[in-house]
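Annotation source TrEMBL lists transmembrane segment at 12-30, 36-59, 80-103, 115-139, 151-171, 191-210, 231-253, 273-306, 318-336, 342-363, 384-405.
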Amino acid sequence: MKINSFIRQILPGIFLIGFNIGTGSVTAMTKSGADFGMAMLWALFLSCLFTFFLIHFFGKFTISSSLTFLNAIRKNIHPLVAIFFIIALGVNVSGSIIGVMGIAADVLQEWSKEWIVGGISSLIWASSITFLIIVLFLLGNTSTFKKALSIMVGIMGLSFIINAIIMFPSLKEIAEGLIPRIPESVDSSPFFVVAGMVGTTLAPIIFVVRSILVKDEGWSKSDLKIQRTDAFVSAGLMFLISAAIMASAAGTLHLKGITLIETKEMVHILKPLAGAAGVGVFVIGITAAAISSQFPNIFVVPWIISDYNGKKADMKSMSVRIIVVWMAILGIAVPLFQGNPIWVMVASQAFGAIVLPLTVGCMMYLANSKKLMGELKATTPQNLIFVVILIFATIMGGAGIYGLIN
């Protein structure tokens with residue numbers, strides 16, 4: 001009974017893992033592991049550490065002020081800044097939806113060739129998964145989605161951890177990966193890859209949504225301890241699952257000197273290294289990652305619009321349903337138009353890293369308002385952490401721009 005109660009308490013954090021670890025994160029971590037081994041582990045660790053601080057602080061802000069993030073920006077900074085966030089996050093999440101399903105459908109098509117001549121087309125896979133998500137949305141409710149999402153996150157996490165155990169890199173390489181450095185590479189831009197990693201881990205959207213979820217939970221100051229535990233579990237699992245994905249690629253592709261261009265290549269590359277079972281576990285993991293990511297992603301636009309207006313989104317209203325269904329349909333864009341899902345996905349995450357400094361800067365400003373925060377106003381050590389995160393976010397945003405240009 002206590003376990004069930006604990007799981008219910010951390011559902012908002014598990015919801016954020018669904019946002020955080022989709023096929024975009026799988027792509028970024030796999031590419032990092034394949035191209036650079038565990039050399040980028042330090043960036044992942046810092047991202048997850050900062051993610052914990054920000055998840056906790058965004059939640060604490062909403063508990064203290066009774067305002068969601070975008071509504072607070074509209075009232076206390078400027079409406080145009082909040083509108084910029086709506087546009088930027090809308091573009092970011094649209095790219096994520098397109099890339100997530102495109103990558104998963106590509107992998108499933110490649111995997112199906114193992115047991116059907118020619119395989120099942122990526123368009124059929126993407127359309128089937130999208131149809132399932134739309135049906136669950138139209139027939140279910142937020143509680144149903146949270147439960148389904150927690151199951152998908154569990155399957156995804158278990159799959160990637162099993163994969164990492166099968167293909168574990170050396171402990172020396174893991175230890176060296178915690179030393180900050182940007183490795184040299186001829187085949188791919190380390191700046192683009194690290195910005196994509198940070199963009200998908202330290203993602204602005206999860207902090208904005210965190211504020212909305214805390215408001216929906218109705219948490220008060222008496223729930224600050226639960227809120228902190230929830231944030232810690234969420235960020236901790238993000239690091240564990242993401243590191244497992246990176247380790248899987250580092251222990252196989254990097255050791256063989258194989259660089260990754262498309263995620264679907266993993267199906268054929270892994271087979272001689274990990275066997276059919278290893279490939280099956282990877283495919284299950286990436287499919288669960290896609291579904292767990294699409295579930296919350298399709299809600300983002302109506303959520304952030306309602307957030308701006310200081311209202312709770314009515315998920316049963318016709319206007320919201322039209323937006324959500326349209327966002328879900330975006331998932332078939334890559335297989336329908338034969339686009340490159342990996343570029344769309346990594347570019348989307350790198351774009352997220354560019355939006356991040358503004359997100360951190362706005363929260364730092366709001367966190368220092370005595371009127372909004374009262375006794376929970378940011379302390380000097382907390383402000384120093386904000387500054388460090390802001391510097392880190394700005395550097396990563398610069399790396400994202402540099403990587404996109406080059």
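Glycine is no exception: its Cβ is also placed from the backbone N, Cα and C atoms.
TrEMBL entries are annotated by machine, without manual review.
Remember, predicted model here, so these are calculated numbers, not experimental data.
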The transmembrane segment (12-30) touching the transmembrane segment (318-336) per 3+ Cβ pairs under 8 Å rule: no
Same-chain residue ranges lying at least 6 outside the transmembrane segment (36-59) that approach it to Cβ under 8 Å: 13, 16, 20, 29, 69, 169, 173-174, 176-181, 183, 185, 190, 193-194, 197-198, 201-202, 206-208, 210-211, 214, 219, 227-228, 230-232, 234-236, 238-239, 242-243, 246-247, 250, 254, 360, 363, 367, 378, 382, 385, 389, 392
Positions on the same chain near the transmembrane segment (151-171), where near means CB under 8 A and six or more residues out: 14, 17-18, 21, 26, 37-38, 237, 240-241, 243-245, 247-248, 250-252, 254-255, 273-274, 278, 281-282, 284-285, 288-289, 291-292, 295
